[in-house]
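Heads up: the structure comes next, in C-alpha cells.
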Amino acid sequence: ADEIKRLKKEKQEQEKEVQESKAKLDKVKKDKEELKRREQVRREEMERLKKDAQERAEAQQHQQALASKLSQEKQERGELERQQVAELRRLQAEKQAREEEEAARRAELERLA
C-alpha cells in the first residue's frame with residue numbers, strides 16, 4: 001500500500017512537472033512570437049525611415065536642380081539684357097552719327113547755296 005501511495009505521489013509530481021514544463025514551453029513560444037512581432041515592427045519602421053530619408057533626399061535634389069535652373073535662367077536673362085542694351089546703344093550711336101552727318105551735309109549745302 002505504501003508503495004502504491006509512493007508511486008501515485010511520484011506520478012502526480014511527474015504530471016505536475018510535465019504541466020510546468022508545458023507552461024514554460026508555452027511562455028517561451030509566446031515570448032518568441034512577441035519577439036518576432038517586435039522585430040517585424042522594427043523592420044517596418046526602419047523601412048519607413050529609409051523611405052522617408054530617400055524622399056527627403058530626392059526632394060532636396062529636386063530643389064537644388066530647380067535653384068540651379070533658376071540661377072542659369074537668371075544669368076541668361078542678364079546676358080540677354082546686356083546684349084539688348086549694347087544693341088540699343090549701337091543703334092543710338094548709328095542714329096546720332098547719321099543725324100550729325102545729315103546736319104553737316106545741310107550746313108555744307110547752305111554754305112554752298
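Each residue, glycine too, has its Cβ placed from N, Cα and C.
Positions annotated as region 'Disordered' by TrEMBL: 1-81, 93-113. Residues or ranges marked as compositional bias 'Basic and acidic residues' by TrEMBL: 10-59, 71-81.
Helix, strand and coil counts from DSSP across the region 'Disordered' (93-113) read 20 helix, 0 strand, 1 coil.
Under DSSP, the residues of the compositional bias 'Basic and acidic residues' (10-59) split into helix, strand and coil as follows: 50 helix, 0 strand, 0 coil. Look at the compositional bias 'Basic and acidic residues' (71-81): DSSP puts its residues at 11 helix, 0 strand, 0 coil.
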